[in-house]
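Peer 1: Here you go, one structure.
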Amino acid sequence: MDETCVNVKRLEENEEQCTDEDKTAQDKVEEQLISSNGHSSKPWQQSRSRIRECVLYVKKVLVSFARMEWYCYALLGIITALMSFFMDMTVAKLLNAHQWLYGCLKGHHLLQFLCWTLYPACLCALSTSFAHSICPFSAGSGVPEARAILLGIDMPDYLSLSNLFAKLFGLICTLASGSTVFLGKVGPFVHLSIMVGAFMSRLHDSCRGGKQRAAKGEMLVVASAVGVASCFGAPVSGVLFSIEVMGTHYSVRDYCPCFFAAACGAITFRLLSVCSRDQETIQALFKTSFSSDLPYQPFEIFIFALLGLFCSILSCIYLFCHRWALRFVKTNKPISRLLATEKALYSAIVAFLLGCFTFYHSAGHFIAAELTMKQLLTSLLDSTSWYTVSQNASALPEPQKTFWQAWNPPGKSYFQTLGFFIIAKVGLLVVACTLPLPAGYFMPVFVYGAAVGRLVGEGTAYLLSDGISSAESLINPGGYALAGAAAFSGAVTHTLSPALLALEMTGQCSHAVPSLVATLVSNAVARAKHRPSFYDGISLIKQLPHLPSLIRACPKLANVQIKQFVIPAGVVLERTETLTSLQRILNDSTDNEFPVVDSHDSPILLGTINKSQLWEGLQQHGNEGLCKQLEDVCSIQPVRLQLTTESTVKQAHCIMSVTGEQRVFITESGRLCGVITWKEMKKIIEEMAKEV
């Protein structure tokens, strides 16, 4: 790409200059409206003018401290945290109602069975019907679609207000289904945060008097970080999530806004928990009590690495089963016909079957099905070895005793329960992922990884019951659960942010190195041979125009050259073009920018010229005679961005997505061959998605 020329700095300076001019013009218009005393048909004209004056004064005061977008970032974090808190509160009340009703029916197995199965079935059917009747795009995680939007793909329906309300209500119903369906919150909530970010972007642009920015705006990148931060009160891992998962090319200028907005969201979320008396003070979401004096022995690092290897193997099995299930549902005629006509019925049937399996008197007592997802994670992260607990379980306080009874039912050991949980939850989670409703898939795999780590930790604690070197160096199975959760979720998503998220959620920095080692090992194996991640697999199944996912699935696409997709450049001006021909071209053409070449016989690209410059030049030199040429009338601007015919589609897509250019000139040895527009680029990627 020898002739590639990207002047990003000049583009940013031009955008800032245009924005400042638009802002000044807007302020002048507002001042004229305030000072105008003309007759108007609107009532209370004087009061309206005073209110407008006050608003403008407040705006000037705020802008004097910081730019307006920083207030939008703070407001974005606060609004998203409020949504997260009230959603959790509503879901908790619905889950408590289900548990209360189930407890009232104790001793009546049939009624308990109906309560256990019909409650989540009705909620899943309600979530599906509500989501698809209002906005069909609200089903699923939303993260793969959001990634495509951040790359510049126009998908306005996914950012609409109707989609926001449909996804919000549907997600509440999904989460209220509990551990029967075993689905999470993170992915859809990140999508909700991005929708709020799109609204804040429009609000910011209206305040500054500019046009609405594209969906790949800075506010949407910030919103993706805020979504994770507001879910767990973890701002640092939220920013890392936005870098790893959401963005293919991360701009450094988004770094500070992401941290600022994520911090606002995390602080608001934790303060709301304190105000509601859920917590006594600002603390970690999942409290743990790991020993910081001797958290682990050096020998255990090797065991943590083996845990990462084990998690990577399980993640490959899970991802294969997940993609197979999605293809099966899509290609199987009876199921696809049912999904096309009766989505709510399909969700109710699947949720009912999941409830039948997880019912306590069937197989539920083997997988601790009566515990919620939060209780499951809390019990798995307990630092006390269950082997030690089994020696004197009657002395356990609540709720540890309830957790122990769930994992150690009568007649079964906790090793059998953990093993059956790991085997059964793969199939249950794969089936649940086919439900056409708003749902997240990160927390289920996070809890699953914690169970894998707990099994390894309990096995190590059983084999080394007297400690490694002394009685004071006992094995901490909770540390293995923490590392397993980070390793498995990191392997599924091909990211390292779960390692940091696990530390922020639990407040445990003592196991930072083991968690990172396990996550690195699991990622190394999971990424081998260009295996797609969880989100890449969904993008491929849905045929979303997300080029990085396509290249991971088919590496040959990275070498596809751009020359086979070049289209004509339209009107091309010669350097010696006369004013007569220029007048005719301006009257007939609708282009705003024209490429200028040396001559049509030797089309060496010299630069470009704007339509407004041509009109201005014609007006100034029109009376001096029509014999003047183009180079005498206007100055030719250098080309901001051009590619050669040997450039690849991947290179062109990267440059256009970073710079925001809508059109790129393609040259060969300096000769103009044509152009590639962003619209054409999207068509190319869509065709690639269909082929893959």
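Numbers run from 1 along the shown chain.
From the backbone N, Cα and C atoms, a Cβ is placed for every residue, glycine too.
Annotations in TrEMBL come from automatic prediction, not curation.
What TrEMBL lists as coiled coil is 1-28. The feature transmembrane segment is assigned by TrEMBL to 70-87, 168-199, 220-243, 301-325, 345-368, 414-437.
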Peer 1: Any residues 6+ beyond the ends of the transmembrane segment (414-437) with a Cβ under 8 Å from its own?
Peer 2: 124, 127-128, 131-132, 139-140, 170, 173-174, 181-183, 314, 317-318, 321-322, 325-326, 329, 339, 343, 346-347, 350-351, 353-354, 357-358, 363, 366-368, 386, 390, 407-408, 444-445, 448, 451-452, 454-455, 458-459
Peer 1: Go through 70-87, 168-199, 220-243, 301-325 and flag the stretch with the largest number of C-beta pairs under 8 Å relative to the transmembrane segment (345-368).
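Peer 2: So the stretch in question is 168-199.
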Peer 1: Quick one: mean pLDDT on the coiled coil (1-28)?
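Peer 2: When the pLDDT values over the coiled coil (1-28) are averaged, the result is 46.
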Peer 1: Please give the sequence-distant neighbours of the transmembrane segment (70-87): residues at least 6 beyond its ends with Cβ less than 8 Å from one of its Cβ atoms.
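Peer 2: Here the qualifying positions are 62, 168, 171-172, 175, 185, 189, 192-193, 196-197, 200-201, 203-204, 219, 222-223, 226-227, 229-231, 257, 260-269, 272-273, 276.
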